[in-house]
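As structure tokens, the structure follows; a few thoughts come after it.
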Amino acid sequence: GMVLQEPAGAPSPLTVAGGVGDAAAEVQLSRLRWVVLLLFSSYSLCNSFQWIQYGSINNVFVRFYGVSAFAIDWLSMSYMLIYIPLLFPVAWLLDKRGLRLIALAGSALNAMGAWVKLGSLKPHLFPVTVLGQVICGLAQVFILGMPSRIASVWFGSQEVSTACSIAVFGNQLGIAAGFLVPPVLIPNVEDVEKLAYHISIMFFMTAGVASALFILVIIVFKEKPSNPPSRAQALIQSRPAAEYSYVQSILCLLRNANFLLLMVTYGLNVGCFYALSTLLNRMVIHHYPGEEVNAGRIGLTIILSGMAGALISGIWLDKTKAYKQTMLVVYIMSLVGMIVYTFTLSLGHLWVVFVTAGLLGFFMTGYLPLGFEFAAELTYPESEGTSSGLLNVSAQIFGIAFTISQGHIIDRFGTKAGNLLLCSVLFLGTIMTAFIKADLRRQQANLENEQT
């Protein structure tokens, strides 16, 4: 394949630390890395679109299927619930069988779930749409832990954080599309037949895109480049398989105090984001009746500004390696954004909600790739798939708890009380983040090998 030499004068034969053996691996960058990254981002986008496509027009699906708003909320929360028990089996598969198998499974299940949903176009077929969503939730288990692993396996040390941000981008862009497209494609009409027709258009489009992406994964997606992209990755690849134990890897992570702190703080922040995304339609419609389309646009604003935040923070990390300081600043600003959003939502001015939601999204959504990359640094040389998976489990658990709690609080005490719950959670997360020690092991490995 076509390769580019990594900068910083990498020696061609890479000597394993300690002088035992020769990894005989030239550190090079493959041009295929951008294709792999784009393809992953695309099917991740399709999957996250299916996560939020019900929640963004919650009231419309409530009327179409004749179920409660809480039942529609569970279509979103099913993604979170499914992830928790299946993380370890899938992370084990990622370590044992590699990226390609996980990519094939994720994109196949995503397409299958989209086609199953096409069988739920009658009001009495709500269980079928639940089944389709459960299959898509299974696909998500094969997707969420991949960004930092793809970044490490395919990208050089000077671009790994940016690559991770772009990989997370796909997921965020899908959520953005999930806020924007359903309110436009499915108008809030009384006629059930018309509603079914508009829903079928969205389901058919999704199934077509998901199937095309699955075919592309079969053709294009490769396990790893022919040469390692960084010295840290070369060391991992040169390690004998007998030295690696999956159970030991997990135990090692759970004994790492800094990682455990990060796991909780990541879960608190991202759990708040999940709850906010799931309940956004209900909150906006409560204060601005009939504004389903604008509720979707507010969600879109949160995600798009967050994508800008993620990209900027990824580039910043590659330049500075200031993981702890960046995480703390972003956490504090997420808290500030949540407070401002909480007290401006009910003012009666939609443009104010757009501005405050954009501020909140820039920092809260921009936090996602930061957590993955900081975890990879704190836990090197353990698998990025396992550390990312544990972060995601934490996020799913807190996401379910916050979505249910905030939903009940909104029903009983109003939106302000529900949002104050999230403010208090983010305050706790900010305090805990301050206690994480910046033990950057992956950076240290790269530096030591450069000197060698």
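Including glycine, each Cβ sits where the backbone N, Cα and C put it.
According to TrEMBL, the transmembrane segment annotation covers 34-54, 74-94, 101-118, 124-145, 166-185, 197-221, 259-277, 297-316, 328-344, 350-370, 390-410, 416-436. Feature annotation from TrEMBL assigns domain 'Major facilitator superfamily (MFS) profile' to 36-441.
Contacts between the transmembrane segment (297-316) and the transmembrane segment (166-185): present, as 3 or more C-beta pairs lie under 8 angstroms, all at sequence separation of six or more. Using a cut-off of 8 Å between Cβ atoms, the transmembrane segment (328-344) and the transmembrane segment (416-436) share at least three residue pairs, counting only pairs 6 or more apart in sequence. Two recorded stretches are said to be in contact when at least 3 C-beta pairs lie under 8 angstroms, sequence spacing 6 or more; the transmembrane segment (101-118) and the transmembrane segment (197-221) meet this definition. Away from its own ends, the transmembrane segment (390-410) comes close to residues 69-70, 73, 76-77, 79-81, 83-84, 87, 144-145, 250, 253, 259, 262-264, 266-268, 270-275, 278-279, 282-283, 286, 371-372, 375, 417-419, 421-422, 425 of its chain (Cβ-Cβ under 8 Å, at least six residues beyond either end). Annotation: stretch 259-277 has the most Cβ pairs under 8 Å to the transmembrane segment (416-436), among 166-185, 259-277, 350-370. Per-residue confidence over the domain 'Major facilitator superfamily (MFS) profile' (36-441) averages out at a pLDDT of 86.
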